[in-house]
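What Swiss-Prot annotates here:
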BINDING   ARG23, GLU80, LYS122, LYS458  (6S)-5-formyl-5,6,7,8-tetrahydrofolate binding site
DOMAIN    218-380  domain 'TrmE-type G'
BINDING   ASN228, THR247, ILE249, THR252  K(+) binding site
BINDING   228-233, 247-253, 272-275, 361-363  GTP binding site
BINDING   SER232, THR253  Mg(2+) binding site
Amino acid sequence: MSHTDTIVAQATPIGRGGIGILRISGCATKTVAKEILGKLPRARYAEYLAFKDPEGNILDQGIALYFPAPHSFTGEDVLELQGHGGPIILDLLLKAILNLPDVCVRIARPGEFSERAFLNDKLDLVQAEAVADLIDASTEQAARCALHSLKGTFSLRINQLIESLTYLRVYIEASMDFSDEEIDFLSDGKIETQLDRVIHDLDKVRSEARQGQLLREGMKIVIAGRPNVGKSSLLNALTGRETAIVTQIPGTTRDVLREQIQINGMPLHIIDTAGLRETEDPVEKIGIERAWNEIEQADRILFIVDGSTSSEKTIYPLWPEWEARLSRSRLPITLIRNKSDITGEDVALTETEEGTFISLSARTGEGIDLLREHLQQTMGFSGNMEGGFLARRRHLEALENAAQYLLSARQKWSSGNFLSELLAEELRLAQQVLSEITGQVSSNDLLGIIFSSFCIGK
């Protein structure tokens, strides 16, 4: 599809509401306005007008807003029609626009308005992604950080790194251009000092980006264990409500239950699973297989044991089959010794060579705050994101790649035995992957993936 087409889409959620908005962008916007409204509204002024179909029938009445290029969200001529939020009314108005004679207007693809804003230099790629992140924010802190990204906080940090790398490259390439002259650009210590400064600044951005990624995506916590050890009780204790059915009958939970909570602004996706055991029940077997699938994708596993029937404080003596199914080294596990109210164990968190275990009571809630603190610490989430920004996995990957290139450049420099061309190439590669974050360098495939995840009207 061409980026020169005029596009239209509903900018408000599908369904009934007090207000429904259609957004039009492109070169035929003025013609659409004259056909539907009978006039071109005054730029950036709200006008109350009738919305008509091609036969002149009034479909609705509402507010029309016209934003001429380039002073609009997309950088193109944009018209917004704000009418009543009934789906039938909006559908009739949308059909009227699409069926205008001698005017080519099509339905926008998901994220196409934001994509055009990016292509017309109204937003960089980080800011465009922040539009979707602001809409999808699940916590107040995530919304604030998404707004910071939209305002350019993250982009500014990346551009400062790129600018520093540009300075370094100029300095090194100058030494290559004047290699036959009696001018030594590389012996005054500036390269080493500047390179160390860039590496330090990049490390700070990476640390903040990891916090931003946690805030955006949250942490997936899977509650696992044998039947009837208190998994569902722990889910209820963490969420603060009776989310799961709790009985003394083993196998009560047969499917995956999902809930979301917050710890100091960080979203946690808590997943309760079926008790893991050998069974002949075909329905329970399906639930157990789903439990394993969730376990394999977890950021952290809370493996619960009944403290009143077991004295073990690590998972592997309790269940050797666990290690056969999943690798011990890559599984972040916290052992939960439940029912401290029955055993009399002290509510506490203990670190051992085998891992971490917490004694608590899911029934009374004793030790739940300790578990919350533990989850926050294990993910490295500080909770202090004042002035911070959100980040995505692709941002973290680009920052990690840039760090590797810079460390390679630093090692070459420290060895004292290097070619200036190789040093300059490492810096160029670092600069290139950083530029991919903001979209200064990007592939069409990457843009398609990013913008296709947006809602239609954005």
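Just so you know, glycine gets a Cβ as well, placed from its N, Cα and C.
It is 51 Å from the Cα atom of LYS231 (GTP binding site) to that of GLU80 ((6S)-5-formyl-5,6,7,8-tetrahydrofolate binding site). Ranked by Cα separation from ALA274 (GTP binding site), the binding-site residues ARG23, GLU80, SER232 are led by SER232. Other C-beta atoms found within 10 angstroms of the C-beta of GLU80 ((6S)-5-formyl-5,6,7,8-tetrahydrofolate binding site) number 20, with every protein chain shown included. Of the listed binding-site residues ARG23, LYS122, LYS231, the Cβ environment within 10 Å is emptiest of other Cβ atoms at LYS122. Cα of SER232 (Mg(2+) binding site) to Cα of ARG23 ((6S)-5-formyl-5,6,7,8-tetrahydrofolate binding site): a span of 46 Å. Nearest neighbour of ASN228 (K(+) binding site) by Cα distance, taken over the binding-site residues ARG23, GLU80, LYS122, ALA362: ALA362. The CA atom of LYS122 ((6S)-5-formyl-5,6,7,8-tetrahydrofolate binding site) is located 52 Å away from the CA atom of ALA362 (GTP binding site). The predicted model assigns the domain 'TrmE-type G' (218-380) a mean pLDDT of 82.
Counting other Cβ atoms within 10 Å of each Cβ, the lowest count among the binding-site residues ASN228, SER232 belongs to ASN228. Long-range Cβ proximity for ALA362 (GTP binding site), meaning a same-chain Cβ under 8 A and a gap of 6 or more residues, is found for GLY230, SER233, LEU234, ASN236, ALA237, ILE304, ASN338, LYS339, ILE368. Under DSSP, LYS231 (GTP binding site) is assigned to a helix (H, G or I) in the three-state scheme.
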